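Asker: Below you'll find the structure I mean.
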Amino acid sequence: MMALKMLYRGPSSRLENLIEKIQATKEITNNDMYSTHTSSSYSPSISDGTMTPNSHHLIGAPTAAGQEDHPTEGKINGGADGEDLPKPKRLPHFHHHHHHHYHHQQALKIANKLRKINKEAKMGATAGGGATGAASKFDKLTGEGIKSRGDGSYQCQFCEKTFPRLGYLKHHVQSHAEHLPFKCEYCSKLFKHKRSRDRHKKLHTNERNYKCPHCEAAFSRSDHLKIHMKTHDIQKPFQCSMCNRGYNTAAALTSHMQKHKKNAAILAAGGNPNALNYSPRSTGSASASVSSNGSLQKRRYALALASDSSPSRMDFPKRSRSNHVGGTTTTATPTPLLRCSYCPKVTEFSSLEQLNAHLQSVHEQPQTQAVKTPVQEGEGFQLSCEYCTMKFGNIAGLFQHMRSTHMDRLSSPNSYYEHFNRLATAGTFSPRLALDLPKIKPDLGSPERESRPAEDDLPTDLSNNKRRPLTPNPQAQTPLAPPSAPPGVFFCNQCNAGLPDFESFRNHLKSHIAEGMQLVCPHCGMSLPEQSEFERHVVGHFLITGSEFNCSSSCGKSFAKSEDLQQHLLSEHVLTLLKCSLCSELCESRMAMQLHLACAHSQETKLLRCSACLELFRSDAEFHVHVKTRHQLGGHPTLGATSSAPTNPLQCMFCRAVCSSELEMHFHLAAHARQFRCPSCPETFHVEFLLDRHMQSQHGGVKDKEANSPNMGSLYVNALLPPLAAAAAAAAATNNNSSIIDYNVAFKGLFGGASGGAGSGGGGAQSGGAPPSANKFYSPLQVDTNALKAQTSPHPALMYGLSQRYLMEMYAAKSTSPSGNEGVGNSQPPAPQATAPPPPPNASTATFSCGMCERQDLRSEAELHSHRKLAHNLKTGVSLRCAYCAGNFKSRAELEQHMKSCHNSTGKHKCLICDEVFPSPAILAEHKLQHSKVGQSGKCSHCGQPLEDVAAFRAHLSEHGSDGASLPLACICCRQTLHSEFELSLHAKFHTKSSSSGGSLQEPVCALCLEPLPDATEGPAKLCDKCCRKHNLNGKRGKHSEPATSLPAPPSAFVENRCNLCKMILPHAQKLQEHLVEHTFAGTEQRGFNCYICSAVFTAPGGLLNHMGEHGAHSRPYDCNLCPEKFFFRAELEHHQRGHELRPQARPPAAKVEVPSIRNTSPGQSPVRSPTIVKQELYETDTVESAGVEDEPENHPDEEEYIEVEQMPHETRPSGIGSQLERSTSSA
């Protein structure tokens, strides 16, 4: 009775899980063997009109339950305990028990086959040559070929690792947090892009922001909405003629028409109309979600999940077929699976129904109609599907199943009939009449049965590959005789198998023990008997094979690609040799080759240049011959009566150059003395004319010249004879200026005679021997040319040029004399004694100090220059003083290095606020003051203390810890960065400007050296004492002080058509506008004038101004904060804002003050009434008085003007000019 309970226990969860795993395995293997388009997950149901063996029993179950009118109870024959038999209400589940038990037995058989193949493979590996056979068996068992490990792998995009599965790769990518900056706040998942993170967040929030305008559908992504919108598109060219549905392509329409054709065939075959909507290419169930297109590792892992020893479709025997040979039908005998526990040696059963009938008929009391099952008429007619294990009771069900499941296996729908005929001729099914069906007699206890084939009661066994004959087996038809005494049956507690004897039971347990000792891989399910093999196999799952290319040398570097290794070898381990084409010597580097060329193949030849004629020589012998033959003074005339040619050559103390004569030495020394220095920049010049031209071209004006000074500041007088140079030096010492030489004294010896005076007969010449007076020269026409020729040096052309220049300057001085018929008067008129200021008391005691040594007792700047040349070996006349921080340097290289490192003097200088480019740091520093937001407040931004002057600014700068700090530092008023001492002084002067100091916006400074004047109460003079002494301007300063008593200096006033940025006066307003445009593009004129609105480029500022008017007034970006005016350029705005500052301070024109002319007449003489031509040149000044009358410019004492008056003969003077000038002179 215990055996019955174990056999008839109900379906357990363990058995159901096992069946589900086996079913999943079958679906996977079917997907792998058949096409990927075949839906293996389709399971027919009763609603589809498909009949299955399960559905037959389920339909017949209610009938069997309804016919159970007289249930009886019985005892088992031979059972001592007398337990009740199971009730017949469990009979409808018999087929389910058989189904589960059948698949469980198949799983056990597959597991046994797997163990057998593993043993054979192990034995073949040891013997050698058996591995191939085992692998082929395994391939046949699983239906899959073992592929290489590299196939189907996934490589990380951030590193070199590869993974066999996509899930492993996705999990690994999350470890690269440095490459995935965006994190989901819900699940902490990392993403590379923000859009991916936002798209992922919509899965958590269920946001559907993209809604269809035609229906109520909503989507979380825009591309999904676009795909959905195509369903509403009515403009599709391909329309279905049956359902009027549109398609974009002909292929889609053709696929759709195949569906209509298929549905029509199903309806014609009598199928269920409800099944017409089924698509043969639909997605499978969850158990078959493993795609057949996946990699080998995926399918093997899914197979391992289904069962520890999952079967393959290749293990299941094919469906048995009946072979009609010669009219006789042979059928293969099925393998018995069930045995009776009471008579196991007598008979075996292939189904639970036969075993149940056997138990009820032989081993228990008869039960009237206990297991009688109603037989339907069509139950005996079974049709099997060739491509799967399903059976059907009619042809329509088989056809519907074939069309729905195996549509792509057939060439055309018409082949169904051929397929049916082929199955009929092959004997796959055999229709049977209802009379041939087995009938169970009411008396189940009698051993006698009807003489019918025992195989007819058995179901179709698909696990048997052998064909069974249709004729009944005589041995199987023998009635079962109950044994006299049932032997003992041994049941296995692991698999519930019943064993007839103990020996079988022990062998069966050994198989379980051997199976338990197997080490099963948790990744792929492979069983391994030994621990070492198991470990090696598990390590192989985590092993990712890669390749790298190592450098075989001692560097030990590795590379992922062979190209990188080759590049490394070429760059690191290949020695490039340079071969000298002259001597074939090899060098390893370019530097070594250069050194070799310099040492071995370079020959230095000294060039000897003659300083007199500039001829080159390559040997000392040639040079000495040249000097002896061409520049020796032995054969030349003497310079004077008592002088003779020097016996030794003269050598320059600065550059060690050798000169053959004293005159040549003086010419050479003049090249070292560039005493004319520009007051605005460090440039120096030999000749004053070059300085004047430099001032006009670079600084917009002309250097102040003293018209009434007879001193001609040219150093070329040193080129004259030594007595003349000595006389010039003595004259210069009287003026306390070593750089200015008096030509009158220097050329005094050029005109012979000891007595005589200037002629009075309108420029008549006197005799050459008459000496001039003490205070006058002879007329240039009375020059003793013979004496001049007698003193001529070996350079007559140069002496002639010097004499001609002197004569021209003396002629100009004569033409400006009070009377035209007198000789040249004294060019030094007596200065007014009342207005001439006395020399400063410390002028004679002023000392200069050298910045390179500790010497401070130098009495003049010329002595300072000489000291630097002699003591510090400075061979250039260029100043080595920094123009920004006033630092002195020993060499030009040190000064340039200082400018590059501290003041950034190279390249363009760009303002970091407005991106404007300037040519120098000084201009940039002045420009940055325009961006100062605090302006001329004069208050400290840290503590708010007012700063009165520059000294207070510097003193207060130290209070905030900036005194000892090195540049750059921040301004205490505007917080701008100051990069140099010049910029610091500029900010100090800018922020300490006071509007209460007499209306002046600037403190008085020298017009030449820009240094503040020590005392502003002396007068409106714009020159300091040092500049007056240096440039011999003492007389001019006295003349400036005279009109100061009659008219005070007015403040800066507004002048029409004058640029307020550079004080330049333009002829009309259009020129002023063009001039302001040039200010805007200062430093970049070579690139043209471009429009910042449309990028148009013009070559002239006038074209740009005309073009800017096309953009309209609304395009002007710069507006004034004091008035509603707007401008196109920043320079226009700055000019306009400075005009606001100057207009309220304009005063009415003062009374005209008659200022004596620069070239005034001598005392006691009347003004010249003769017509003259007056040329006026305006210089850059800080104050210009506004003109009351536009046609009459007023002369202000602060203005520096140079008037050159030229005398014109009466016969060449144009008519009308004389009268006009006379009227203007009389009005003045």
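Any Cβ shown, glycine's included, is placed from N, Cα and C.
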Asker: Quick one: sort out which of 182-204, 320-342, 458-480 is the zinc finger according to Swiss-Prot.
Answerer: 182-204
Asker: Of the residue ranges 254-274, 548-568, 758-778, 989-1009, which one carries the region 'Disordered' annotation in Swiss-Prot?
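Answerer: Region 'Disordered', as annotated by Swiss-Prot, spans 758-778.
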Asker: Pick from 287-310, 383-406, 407-430: which range does Swiss-Prot record as zinc finger?
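Answerer: Checked against Swiss-Prot: zinc finger maps to 383-406.
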Asker: Which one of these stretches, 7-29, 122-144, 490-512, shows up in Swiss-Prot as zinc finger?
Answerer: 490-512
Asker: Among 210-232, 647-669, 785-807, indicate the range for which Swiss-Prot gives the feature zinc finger.
Answerer: 210-232
Asker: Quick check on the annotations: Swiss-Prot lists zinc finger for one of 676-699, 844-867, 1012-1035. Which range is it?
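Answerer: Going through 676-699, 844-867, 1012-1035 one by one, Swiss-Prot gives zinc finger for 676-699.
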Asker: Within this structure, do the zinc finger (938-960) and the zinc finger (969-991) have 3 or more Cβ pairs under 8 angstroms, counting pairs 6 or more apart in sequence?
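Answerer: These two stretches do touch.
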Asker: Using DSSP, what's the helix, strand and coil tally for the zinc finger (909-931)?
Answerer: 11 helix, 4 strand, 8 coil
Asker: In the zinc finger (519-541), how many residues does DSSP call helix, how many strand, and how many coil?
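Answerer: In the zinc finger (519-541), the DSSP-based counts are 11 helix, 4 strand, 8 coil.
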Asker: Under a Cβ pair cut-off of under 8 Å, which of the recorded stretches 210-232, 519-541, 938-960, 1118-1140 contacts the zinc finger (909-931) most often?
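Answerer: Counting Cβ pairs under 8 Å, the winner is 1118-1140.
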Asker: Which residue counts does DSSP yield for the zinc finger (969-991) in the helix, strand and coil classes, in that order?
Answerer: 11 helix, 4 strand, 8 coil
Asker: Under a Cβ pair cut-off of under 8 Å, which of the recorded stretches 210-232, 938-960, 1057-1079, 1089-1111 contacts the zinc finger (182-204) most often?
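Answerer: Stretch with the highest Cβ contact count: 210-232.
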Asker: Using a Cβ-Cβ cut-off of under 8 Å, list the residues of the same chain that are 6+ residues beyond the ends of the zinc finger (1089-1111) and lie near it.
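Answerer: Here the qualifying positions are 1070, 1073-1075, 1077-1078, 1081, 1128.
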